[in-house]
Amino acid sequence: MANPSLLILAGDGIGPEVMAEVKRIIGWFGEKRGVSFDVSEDLVGGAAYDAHGTPLADETMARAQEVDAVLLGAVGGPKYDVLDFSVKPERGLLRLRKEMDLYANLRPAQCFDALADFSSLKRDIVAGLDIMIVRELTSGVYFGEPRGIFPDNEGGRFGVNTQRYTTEEIRRVARSAFELARRRNNRVCSMEKANVMESGILWREEVQWVHDNEYPDVELSHMYADNGAMQLVRWPRQFDVIVTDNLFGDILSDCAAMLTGSLGMLPSASLGAPMANGRPKALYEPVHGSAPDIAGQGKANPIACILSFAMALRYSFDMGEEATRLEKAVETVLADGVRTADLMGPEGGTPVSTSGMGDAVLAALDASL
């Protein structure tokens, strides 16, 4: 049986640094657990532009379509701000998402007990928090036509963006949310603005249809997105899986991210339609950006990238036990007080570099055997 295939795109800024720690962990799984991967590497973002004049080469795109999963570090940096919009580093990531048709963006928001005091909310509100936000990624107001800025008849201008969703676009992301809920606590909350938007009415009706016809065993609730934002701050532990559209998902997932204490801790997955092996096309990446201000200094927190690989183990490689092993290793390291610079607080801890955090996670993995 062939080894699972993984394409690594380290990208820009701190991307190569945090990805280096993931590659060490991949090596650990091969050596200590007999779990081997066919790993290939390529360029994306600014690094690809510097080498090829494009943020994503056609050959890289073709390889991404062939592998079981893609793991990306980060893209972008101030040196590329002068580039035309069509070749900015971020366009490489957007092309991956679009051409792989990655329509379901998974953003977990988990608050590790050791970091509960880093949250902007009180410990008793966020302790034990474990939410999964499923954001529709390829449709909605970011992609709808018509769009643009146009002159009006009074010497001014007006801007237009179009929120557009089809039945199938809503149903497929709803199915992703219900499938995830079955693996978790079996609850889905769908968020929209059905009180003021026709697209919200359609969203609510289609999510309800998927529930009634395909997932009646999963508990479903509906909530207006503005109330959802308030509830995330008021009582976030009421949620298990949240499913919402592109715009609201963009906002709500960032809101949920700050409940956890540090963007350096948060992984993400973008999933598409099932491949021949029954598993979805997938791109995994940390939520944080390229952080050019600390690149090359050994200060970056690699945990978000490490946990992104854990998501790949679970959702692309069907290795849930190994994913849990890696997640528990991270939890152990944090409980032991090991901290990169972004996690250092008044209570102190053991300060470590990027590679030092990788060392600690590898030691915890060894201890798990």
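Each residue, glycine too, has its Cβ placed from N, Cα and C.
Gly77 (NAD(+) binding site) falls outside any helix or strand according to DSSP and counts as coil. The annotation NAD(+) binding site is assigned in Swiss-Prot to 77-90, 289-301.
The annotation substrate binding site is assigned in Swiss-Prot to Arg97, Arg107, Arg135, Asp226 on the grounds of sequence analysis. The DSSP secondary structure for Asp226 (substrate binding site) is helix. Within the same chain, the residues at least 6 positions away from Asp226 (substrate binding site) whose Cβ sits under 8 Å from its Cβ are Lys193, listed in sequence order.
Taken from Swiss-Prot, the feature site 'Important for catalysis' covers Tyr142 (among others), and the record attributes it to sequence analysis. Cβ environment of Tyr142 (site 'Important for catalysis'): Asn161, Asn246, Leu247 lie under 8 Å away, each six or more residues apart in the same chain.
For Lys193 (among others), the entry in Swiss-Prot reads site 'Important for catalysis'.
What Swiss-Prot lists as Mg(2+) binding site is Asp226, Asp250, Asp254, and the listing cites sequence analysis. Note: Asp254 (Mg(2+) binding site) has no non-local neighbours, i.e. no same-chain residues 6+ apart with C-beta under 8 A of its own C-beta.
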Here the Cα-Cα span from Arg107 (substrate binding site) to Asp250 (Mg(2+) binding site), rounded to a whole number of angstrom, reaches 10
Cα-Cα distance linking Arg135 (substrate binding site) and Ala295 (NAD(+) binding site), given in Å to the nearest integer: 29
From the binding-site residues Asp81, Phe85, Pro89, Asp250, pick the residue whose C-alpha lies nearest to the C-alpha of Arg135 (substrate binding site). Asp250
By a three-class reduction of DSSP, Lys299 (NAD(+) binding site) is assigned coil
Do me a favour and check the Cα-Cα span between Asp250 (Mg(2+) binding site) and Arg97 (substrate binding site); whole Å is fine. 15
